[in-house]
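The structure's right below; bear with me while I get my questions together.
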Amino acid sequence: MSGVPPSQQEILESAGQTSIPTFLSALTFNSLVALGFYGAFWVLRTRVPLVYSPRTYLLPERQRTSSLKGLELLKSCIWASEETLIEKCGHDAYATVFYMRAMFKFFGSLAGLAIITLFPLHATGGQSLFGLNCLTLANIAPWETVRLWAHLVVSWIYSLACMFTIQQLLAKATKLRHSFLLSNDQRLSVSGYSLLIRDIPKRLRDPTKLHRLFDRVQPGCVHAVVALKRSKTLERYAERRRTARDTVEKEITKYLQNIMRKQGGNRRKGSITPDLEQGAHEEEIGTEMQEIHHRDNEEGPVERPHASDSNRLTEMEISPDEYDVKGSSDEQTDNPCPDKKVDNSIAIQIASDTSLEERREMFVGSIDSSFVWDECIDSPIPNNETEAAGRSSKTLPPSPSPLSVRRPTRRKMYVLGHKADAISTSLQTLQAVCRKHTTRRLRLYSSEKSYQGAAFVLFTDIFSPHVAALAHIHDRPGVMADRYACVNPDDVIWENLDVPYLQRRGRMLLATAVTLTVTVFWATITTFLSSLASLDKLIYYAPFLGFFNNFSPAVRGVIQGVVPTVAVSVVFQLIPIIMRRLSHFAGQPTYTQIERRLLVFYYIFLVFNILLVITISGSLFTAVVNMIEYPSRILSILATSIPTVSNFFVNYIMLLALGGPSGELLQLATLILKPTMLRLFGVTPRGIKEWSKTNVFMPGPIMAQHSFVATVGLTYCTVAPLVLVFVVLYFGSYAVAYGYQMQYVYSHLAQTGGLYLHTAARQLFVGVYLHQLVLLGLFLLKRAFAQSAIMAIALAITVLCHRHADLYKPLMAAAPAKAVLKMEERMIGTDAVEDAEQGMYVRDRVRRNENKIAKGSAEILKWNQRITRQTAERIHKVLAKVKKRYKSRKAGTSAETISESKQQQEHSNEHPAPQTDQLYLENPIILRSESIAASDDSESNASNDDSDMDPESVPSTSPRVNASAMANPQRHYLGPSDFTEQLAPPSARSAPLTLWIPKDMYGMAEAGIRREVEDAVGDAVKLTTEWARLDSDGRVRIDVEGIAEFAI
């Protein structure tokens, strides 16, 4: 999508004075190509929905997009709302569309200002340049420095507007991130409560120790600890098990297809002269067969609805040979056994030229009696009915049994060995591999010394993982410091979790060095490839290509020009793949981290090799001759030559703006590859599902390309304002294209909630810096020192804004506590509660009443404690007086006894009622939490002006009087109960394999094949025929629900 960096010759040619007719010719040609692409997309959109609208039927019902046409479709692409995109497509999809819209508005305003102010100034600059150069800053003569004040003012406006746009993008990214982390999907998924930890020391690789450690970080909030176990041997067995499963599915599907094709051929051979009208066959055959199968439950004939029925249901199917959505009648018929599900999707082809009795004989006689089953009653149809049906006609011989079809065979050693039954051999292989996998897995999980250096910690609320991710866990540097909150198990790279810290650092250093080497020496690499890929060099190194010398000079010239370009293009398209593999090698734990790293490094690659190298080399090489001849005019020569390089970027951005969005919509590669691969490899239901899935949006190289175009537009917005016109066209077209693609085509591997938008927004600072530095240099070259000083001030302000933007980084790392409180208050106070959380939230009125009761109870408890304490003091004083009087009345009372009683009285006055004090001070923590904490919290919330909660609605923290606070669902784990299975590596999961084969009309898959599979592998494999069937021609068809719901 990004195009290929130009060669040095192309740079020199583009840096010259491009004429207006040449520019218009290129614009016309590219516009016609773009219009052709748009037209082809509009025509093919409804004809190939598998490529152009798979999200309308290949996803679960909740995520499907409504199919629209005409103006409604265009309107939904241009003005798709935030709620709709987030609900149907996810936060990252909306973030991409929002970025395109923001850039379109920003550059649209810049282009309007440039056309009004800078175009007239450049056109009348006094340098008398021709072509596109007359519209650049190079056309302003050295003595016309007064005109540069306009560039200064416009540059300040551009810079301030860009700072404001960056601020908006960062704020939107932060809002999307928090909304995603606190969304309902996160609350109901295992990722919302998870914390991934790496580099765990060996003495802490125990779930109990980790539970104690993180319970100290978040007391009482640890739900479970899943310590990971991984074995390379187990992974090899798991891979062999999947391969054996695929082989079994292929062999069984091939066998069932042979049955259907042979039986279908026999029926077609036995057809005779028709005596009924075409169109009445299905209805009459359905009536007669209903009388045979349900003779005891006769309810009259049931008519099959016509296609014009208003209640007609639509059944959409996928097959390797047909790629569009087909509609067929699927009405419910009277089912005498309502507890049994009748499959009406299996069609039976019957010749149109047979009588009713002959067709009935053909249907019944073609099915072997041992496999004819009533769909409602689990017993075979009596043989006397079959015989009666067979005696109705002597014209056609009965079709052979499905068992007479030869089963597929293969040699045990491919080309050597004797032939054996392919299905039985594959099942034996699957059984052996499953047994080895199960044994190895049990041995792995029975050992207590095989824990990895990585683990998942699940908390009871969605805020605790973020707190634990930011806490300091270990006292040694680098130990347990690599932590990630809210990790999706599907996003994890399991083989990288246990890479040691030092090894990972070494890999990261090596991968970064290779990436920077490719970036810096890309020009040298492309020059070498271009010279090596020339026709003469190829003939020299590969003599068998010498027949090219026999071609005419014209043909050899075309080949000579195409081969180097193709070679460089292929290598350039491999750059993102190479960088992605290097990031994987570096030990990144998730695919999201790989894409974020790719977004940064690929953007650096584009800026360095396309923007900086071309700007510097193009301006120097075009001006070197003049600088040698006139060394005293070096500054003025550079001031004129640097802006002329913008001609290349005008043509380059024009090509991207016209060809990029149209190619994005047309998807030529997908249009060719997906149907081809579906025909070649879609031989089983699993293969059809695999090749029918929606395309995954990979934001790394795509967002890097968009950021690069924005950087080019910012760099040359005042030097060559014409580039802004095509930048506006670029982002406007992509905003509409992504509005369609996100809703109808793309899916995301894992949602991040705006992390890519945050990175792309920060990359705009690079464009602002380059813009200000280029303009500052041109001002100095033209000796406009006053403008240069003011531009330096703008550069300093940009640095301060960049430092301020760093404050958004911590906000993107974790959800803030204030946002969590707002979410809890909103969820508690709302009247509309989600179905999955019914009964878990209290209503606002009930909550307020409970808070009032809690406050009153706290006051009563406090008053009761005060009264009790005062009463105890009084009782103690009375008892002391009584004791004193009793002692004074005793005969022989001494002075020592009197002094001792006084001391006791003084001691009693200082510490009254010791027995009662023991009642209140026995558990001081409970006393604090029940009385003082409640009153302190209510007072602090009432006096806090910045609090988002109503003082009357703040729930008390008393565990005794406020049960609703303890029942708050945000403090309880709401994710799936099988979190241990989801957080385990795929090779270590205990779920059995699923054999997915199509059902056939003769019941072979449900009867014979199922019994054979169960006898061979037992419970290790589960066989299913849901959503898949074979038609009468033996083609595999999958219902839409199968692709949407079946788990691979």
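Just so you know, glycine gets a Cβ as well, placed from its N, Cα and C.
Reproduced below are the annotations present in TrEMBL:
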TRANSMEM  20-44  transmembrane segment
DOMAIN    23-167  domain 'CSC1/OSCA1-like N-terminal transmembrane'
TRANSMEM  106-123  transmembrane segment
TRANSMEM  148-170  transmembrane segment
DOMAIN    193-496  domain 'CSC1/OSCA1-like cytosolic'
REGION    260-346  region 'Disordered'
COMPBIAS  278-315  compositional bias 'Basic and acidic residues'
REGION    382-407  region 'Disordered'
COMPBIAS  391-406  compositional bias 'Low complexity'
TRANSMEM  509-534  transmembrane segment
DOMAIN    509-779  domain 'CSC1/OSCA1-like 7TM region'
TRANSMEM  554-579  transmembrane segment
TRANSMEM  600-628  transmembrane segment
TRANSMEM  634-658  transmembrane segment
TRANSMEM  708-740  transmembrane segment
TRANSMEM  760-781  transmembrane segment
REGION    886-917  region 'Disordered'
COMPBIAS  933-944  compositional bias 'Low complexity'
REGION    933-962  region 'Disordered'
DOMAIN    978-1039  domain '10TM putative phosphate transporter extracellular tail'
Which numbers of helix, strand and coil residues does DSSP report for the domain 'CSC1/OSCA1-like N-terminal transmembrane' (23-167)?
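For that range the per-state counts are 112 helix, 2 strand, 31 coil.
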May I ask for the residues of the chain that lie six or more residues beyond the transmembrane segment (106-123) and have a Cβ under 8 Å from a Cβ within it?
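Here the qualifying positions are 134-137, 139-140, 147, 150-151, 154, 157-158, 161-162, 165, 710, 713, 717-718, 721, 724-725, 727-728, 731-732.
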Pop the mean pLDDT for the domain '10TM putative phosphate transporter extracellular tail' (978-1039) in here, whole number is fine.
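Mean model confidence (pLDDT) across the domain '10TM putative phosphate transporter extracellular tail' (978-1039) is 89.
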Looking only at the domain '10TM putative phosphate transporter extracellular tail' (978-1039), how are its residues distributed among DSSP helix, strand and coil?
23 helix, 16 strand, 23 coil
